[in-house]
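Novice: Quick one: the structure is below, questions incoming.
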Amino acid sequence: MKDNIVIITGITASGKSELCDNLIKKHKNISIINCDSKQVYKEIPVITAQPPKQKEFYRLYGYVSARENYSVGLWLEDLKREVNNALKNSRIPIITGGSGLYISSLIKGLSSIPQISQEVRENVNELRKNLSKEEFYKLVLSKDPRIQGKIFINDSHRLSRALEVITETGKTIFVWQENRQPPLFNNFKVYTILPKREDIYRKINSRFIEMVENGAIDEVKNLLSMNPSPHLPAMKAHGVPEIIRYLKGEITLDEAIQIAQTNTRHYAKRQYTWFKNQFPNSQVIDCANKLTEFGIF
């Protein structure tokens with residue numbers, strides 16, 4: 001695609017949604033297209049901080065069932081359709097979100113990792129739950145020595161993914177990542193929002209309390225009433241596992257809030273490192289509102 005496409009990414013709670021609201025007020029010829037792997041799920045709009053549904057401007061938010069094992073490959077198909085529709089209607093596509101795999105697949109192309117079987121996923125998940133962090137890391141390292149220095153002990157999601165891939169395929173995940181399909185776009189601008197850490201951490205803490213006050217607990221209750229598999233992506237959205245533990249009586253509400261805040265801050269910390277290393281051609285902004293002060297198109 002030869003048309004300019006804008007990608008706005010960055011740390012969780014960095015102000016991407018507020019920025020998009022401001023851009024809509026300033027520019028009427030834009031389409032905001034979601035690039036967050038959890039904001040696609042229609043049953044959890046509060047706990048995933050989805051924007052209000054203004055169909056005129058927002059696309060790919062809250063349109064997938066939490067029962068679905070939605071993937072980056074499916075998202076790329078949906079994204080291509082929405083970008084084409086925007087360009088056809090003389091709108092500027094603004095793709096925004098902070099999911100690392102989605103962003104990487106968008107900019108660098110989708111890796112050709114085969115589908116992982118449900119049996120392998122469940123076995124890896126059981127290992128992750130039953131082993132300590134140190135034991136799980138040593139296990140994955142013994143299966144795939146190439147993770148050393150690339151995937152770290154606290155990154156349980158990437159460790160699980162690495163173990164799934166080498167168990168399913170017999171090849172390290174890095175071999176598959178080195179063989180990618182061509183990216184969808186060849187002409188885009190990338191902006192990465194990286195505010196000060198203390199500002200992000202403060203926003204994470206206050207935002208989760210607001211989510212609880214605005215119905216996140218009822219949202220998770222409704223999610224559980226669907227009896228979804230615990231391995232589905234929607235069940236792993238930030239705050240969902242902690243609220244489930246509260247609803248089961250395992251922890252108090254205050255404990256659930258504190259644990260969710262801590263886990264989300266740890267996630268943001270990993271995002272800082274990831275974004276700084278992944279996209280050297282990106283324009284880094286320390287405050288989202290700065291993007292409304294100069295032309296991003």
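Note that Cβ sites are derived from N, Cα and C of the backbone, with glycine treated the same way.
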Novice: Do you know which of 36-39, 180-183, 280-283 Swiss-Prot annotates as region 'Interaction with substrate tRNA'?
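Specialist: Region 'Interaction with substrate tRNA', as annotated by Swiss-Prot, spans 36-39.
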Novice: Counting only residues 6 or more past its boundaries, what in the same chain has a CB within less than 8 Å of a CB in the region 'Interaction with substrate tRNA' (36-39)?
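Specialist: Hits for the region 'Interaction with substrate tRNA' (36-39): 48-50, 61-62, 70, 72, 75, 96-99, 101-102, 233-234, 236-238.
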Novice: With an 8 Å cut-off on Cβ-Cβ distance and a minimum sequence separation of at least 6, pull the same-chain contacts of Ser17 (ATP binding site), or say none.
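Specialist: Spatial neighbours, sequence-distant, of Ser17 (ATP binding site): Ala49, Pro51.
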Novice: Is any of the recorded positions Ile11, Ala13, Arg121 within 10 Å of Ser99 (site 'Interaction with substrate tRNA') (Cα-Cα), and if so, which, in sequence order?
Specialist: Ile11
Novice: What is the three-state DSSP composition of the region 'Interaction with substrate tRNA' (36-39), stated as helix, strand and coil residue counts?
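Specialist: Tallied per class, the region 'Interaction with substrate tRNA' (36-39) gives 0 helix, 0 strand, 4 coil.
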